[in-house]
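**Q** Shown below is the structure under consideration.
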Ligand code: NDP
């Protein structure tokens, strides 16, 4: 079968041929429809994040997939059911976090991540997975199901951020998303129904499809070159929620300045080992005296995938169409992984329903 993988010592993904996998007991065989590409895939290709499966000379990419059950293999799933796979798997015997049903809370050395760290991904014509890690979804998601995994990360992040504000009567009116990549834009769409005023920060000139999308959603575009994050309260307003999806390390600290009294910042970006000076004492004081919170969040699990499905179902149809700007066949792998200014979300299509 066709698969898209990066080989050891190589710095670009290639189309390879590998045997179709046979499902182990408890696994189902899935025929892949579509797999999304995101920032993490580029980090895996560059070798700055994750790692190859043990003993393998290549890693199949892809962790944002939608597919159809080809062979339920005696599991509770039915042939033809549309499914989305979760990302984390136990490294051998289930660890405590998997036993508790909270693999998203496991430390990095107590889990594998399909397509990212220590396990092959879903960018192949077929993949197998324990049925317990395949989330059944409605047929309407055959093309947009690739958005469920990234949106599930937002569902988890917001659940944790809101939980940190649950001990009092939190008044939330304004939210700021840092980053106009796919994760930022998905999150912005999610926040429209919960906040009176929403903002999304980027660093691009008009015309730009992400700015068009931000404004079509009803949010305000903030150009970080004109208004740095720390100046947002003075130029616009203090924020009750800041959601960081840039991976720009300074934003973690600037978020504290952007937050209103009692606000919460949630960080998802994955920066490198950047070093810089911060006004540590002032920011510490601002956190304490303002009852502000900063929460980090990574990955997600079944209930977050289910919530993502509901959130996406409630969005207007045009949103998915405008977010997924490019779809390629597996053979066009080089073009699919090229950066282009008019691209938002790129998808590899292995098959259609
Ligand atoms: P992208 O790299 O596609 O998007 C990042 C966006 O942030 C880009 O649009 C970029 O702008 C913008 N940006 C970066 N730096 C700045 C800056 N200084 N000022 C303004 N805008 C800036 O990534 P994704 O949307 O896929 O993901 C966002 C981040 O979240 C990544 O770091 C990713 O690794 C991480 N992530 C974390 C997850 C988790 O569970 N914690 C899950 C998924 C992703 P431009 O394009 O113009 O350069």
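Here the Cβ of each residue, glycine as well, is placed from N, Cα and C on the backbone.
A quick note: this is a predicted structure, and the numbers were derived from the prediction, not measured.
Residues or ranges marked as substrate binding site in TrEMBL: 40, 113, 149, 153, 299. Sequence annotations record features per position, and here TrEMBL assigns NADP(+) binding site to 180, 181, 182, 183, 203, 204, 268, 269, 270, 297, 298, 299. Taken from TrEMBL, the feature compositional bias 'Basic and acidic residues' covers 1-23. Among the features that TrEMBL reports, domain 'Alcohol dehydrogenase-like N-terminal' is placed at 25-139. Under the heading domain 'Glucose dehydrogenase C-terminal', TrEMBL lists 143-350. Under the heading region 'Disordered', TrEMBL lists 1-26.
Give me the local environment of each listed feature.
**A** Using a 10 Å Cβ-Cβ cutoff, residue 153 (substrate binding site) registers 24 neighbours.
Taking all protein chains in view, 26 other C-beta atoms sit within 10 angstroms of the C-beta of residue 180 (NADP(+) binding site).
Secondary structure of the compositional bias 'Basic and acidic residues' (1-23) per DSSP (helix as H, G, I; strand as E, B; remaining residues coil): 0 helix, 10 strand, 13 coil.
Non-local neighbours of the region 'Disordered' (1-26) in the same chain are 44-47, 52, 57-62, 71, 73-75, 120, 123-128, 130-132, 330-331, 333-334, 337, 348, 350; each lies 6+ residues outside the stretch with a CB under 8 Å from one of its CB atoms.
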**Q** What is the number of residues in the domain 'Alcohol dehydrogenase-like N-terminal' (25-139) that are helix, strand and coil, as DSSP sees it?
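**A** DSSP classes over the domain 'Alcohol dehydrogenase-like N-terminal' (25-139) add up to 22 helix, 44 strand, 49 coil.
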**Q** For the binding-site residues 40, 113, 299, which sit with their CB under 6 angstroms from an atom of ligand 1?
**A** 40, 299
**Q** Over all shown protein chains, what is the count of other CB atoms within 10 A of the CB belonging to residue 40 (substrate binding site)?
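**A** Residue 40 (substrate binding site) is surrounded by 22 other Cβ atoms within 10 Å.
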**Q** Express the distance between the Cα positions of residue 298 (NADP(+) binding site) and residue 153 (substrate binding site) as a whole number of Å.
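**A** Rounded to a whole number, the Cα-Cα distance is 7 Å.
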**Q** Counting only residues 6+ apart in the same chain, whose Cβ is under 8 Å from the Cβ of residue 182 (NADP(+) binding site)?
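**A** 36, 38, 150, 323, 344, 345 - these are the non-local Cβ neighbours of residue 182 (NADP(+) binding site), listed in sequence order.
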**Q** Given the binding-site residues 180, 203, 268, 270, which lie within 10 A of residue 153 (substrate binding site) by CA-CA distance?
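**A** So the list reads 268.
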